[in-house]
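Visitor: Got a structure here, written out as structure tokens. Questions coming.
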Amino acid sequence: MRNPLKTLFVFIVFLSKGLCENDLFLSFCGTWHHGNSALNLNVNISTGCREMLISANENSMSISGQITAYCTNSDVIPLSKFGLDSEQDTEFCLKWEPLLDMLVLEVGGRALTLCWPTRPTDSCCTDLTNGQNGNISTYGIKKGAIRGDKVTDKTLSTYNFTGLSTSYEKLCSQAAQSDLESSHMSDRPCAHRSQRELKKDRPEGFTVPSPVKAGFSSQPAVSVYIPPAVGKKTIKAKSKMVVTFYNSTAFQEVHREVKLLQDVVEITVENELIVDLSEPVKMDFHHDAVSKYPRRCVSWDTRKDPLEVNWLMDGCVTNEITPKHTECLCNHLTYFSVMVQMEPRPMRHILELTAITSVGCAVSFISCVGLMIILCRKKRCSKEQSLPIHLGLTAALALLSLLFFFTGVLANVGGDRVCVWVGALLHYALLSSLIWMGIEVLHTFWLVYMVFKPCPKLYVWNLLGFGLPLLPVVVLLAVGDIYGLREVLSTSDPPETFRMCWMKISHQALLAQCFTTMTVLALLVSSGIIILFLVFREIRTRDEWKQRRVAFLSIWGLSCLFGSTWCLIFLDFEPVSDFIHFLFCILNSFQGFFVMLRFCLLNWMRKQASGSVLSSTSSGSTRQHMLQAQEKS
């Protein structure tokens, strides 16, 4: 039996320890109840450790106070440029990291950095406690919660927090001890700073290593070499350079497509902007083994993106030395890290797949142009109802093949600006092709099953096939940030990047693709299967159809199952992934050729069965034959 006095003593020690600990962060969340007018964010942050006020009204939210060690920020930010104007209430979270002097507002799904990360020198403002709040109001903050604990459900105009100045070293030791107890060394938020004086008249290169982490090897996680070119770029005779090492946790936004490795490095020269270095800064990142996904050296340019952390590869060269060692060579100074691209995953055999796609699109385009010429000539001397529909499908496939053939060239030459329009055109061509395939299916059903009803006019088919796809494409262009440059990485060593114009890799683009392309494809394939079954059930008891049963099902089955080849992408899983990729590229890139082949087979079978039922169906006179058959019966 355990000693009750001993248990009580341990509990008292644990309680006293908890009472002595400082808060390592503040997280205040709530719902902003606002009006329907334009929304603004008013920021007025200065140094000190007194209080922080968070208030909101009908059209603005305000964050003000003195809580930072270095950061000063006074600005009025229109939230409309982040797409945050809304008729509904807006969820938000304000997060304060005293160890990093970092203030972030998460609002409407966007993370706005109001104070950039840095390392406080002596003290930091922590233990922000909720003080005297504002009055109940019509517009303001409702359901306010501190670290997940709800304060009130009422709508208040203001929340007030008072802070306590704490030694940085003490707070950092507490954070390190907490990580040791929880076995999460990688989550330690403490930053480490190294300063060095630069002399313009006597520039020299030097190396700055990061502190060795306890429990790890004696090798520093990051080693930074500053070349003499940095000293030459300075304006003053003597300048102070600061290299700060952070853990990547504070910089990692919640995206499953990309992931930062453990460390982030900030390199700055006091009150100076250093870019276009003649000799690059070299950073060696040592990390856990990464071999399956490609790595990229990235930087966050705070001049271009002062509010949102945006990691770009501009100005950096990546050298993957080993699976555990990445070398970055960058020609400017800012925040740096190594990013792992998780999605889309690298593709095997991408060079071979690209070659097959290019050849298939070229053959399909030539086949479609030839078929269009044949159909136009035939249309002059024939009144077949199916000819204009064949012509519409062929034109849509020709445009799709042409755009897909040149998408790589246009992506490399024109970049993201050109890809916005090329990607939109490619999406339009794909939707138009799928809809024309659906029209072929519907027309097949109409000829066989709805004998006594006249077919819709030609302008109806054209409006559906060419006009309807314009609507979603125009809407997505108006929304913005959907179409653009897309990069596909190979699994080769080193990995190669293949560019194309299509939808970007984002949640918005994924939703757009699901609600447009995937929806049309699902309707096309499901309706094709249903109509094939209905047509088969209608004609299976007729003797004249049994003579050509195999030919009928093969040719009309192909007509009714248009678009099913695009569904192969849903079978993309191991161990058949490579086979599916090759099959998908062959069937879809050569689709224009297969359409021409189908038309030639129909013509050949019509000649072979001159005057037969199959001849009449393929030539568009099914209605007349069905009427005659019913009169005989």
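Placed from the backbone N, Cα and C atoms, the Cβ positions cover glycine too.
Unlike curated entries, TrEMBL annotations are predicted automatically.
Keep in mind it's a predicted model, so treat the numbers as computed, not measured.
Okay, these came from TrEMBL:
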COMPBIAS  183-204  compositional bias 'Basic and acidic residues'
COMPBIAS  613-622  compositional bias 'Low complexity'
DOMAIN    203-346  domain 'GAIN-B'
REGION    183-212  region 'Disordered'
REGION    613-633  region 'Disordered'
SIGNAL    1-20  signal peptide
TRANSMEM  353-375  transmembrane segment
TRANSMEM  387-413  transmembrane segment
TRANSMEM  425-452  transmembrane segment
TRANSMEM  459-479  transmembrane segment
TRANSMEM  510-536  transmembrane segment
TRANSMEM  550-573  transmembrane segment
TRANSMEM  579-601  transmembrane segment
Visitor: In the same chain, who gets a Cβ under 8 Å from the transmembrane segment (459-479) while lying at least 6 residues past its ends?
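Guide: For the transmembrane segment (459-479), the far contacts come to 388-389, 392-393, 396, 420, 424, 427-428, 431-432, 435-436, 439, 443, 508, 512, 515-516.
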Visitor: Count the Cβ pairs between the transmembrane segment (353-375) and the transmembrane segment (510-536) that lie under 8 angstroms and are 6 or more residues apart in sequence, then report whether there are at least 3.
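Guide: Counting Cβ pairs under 8 Å, fewer than 3, so no.
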Visitor: Which sequence positions outside the transmembrane segment (387-413), separated from its termini by at least 6 residues, show Cβ-Cβ distances below 8 Å to it?
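Guide: Long-range Cβ neighbours of the transmembrane segment (387-413): 354, 357-358, 361-362, 364-365, 368-369, 371-372, 375-376, 378-379, 419, 422, 425-426, 429-430, 432-433, 435-437, 439-440, 443, 458, 461-462, 465-466, 485-486, 498-502, 589, 591-592, 595-596, 599, 620.
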Visitor: Which whole-number mean pLDDT does the model give the domain 'GAIN-B' (203-346)?
Guide: 83
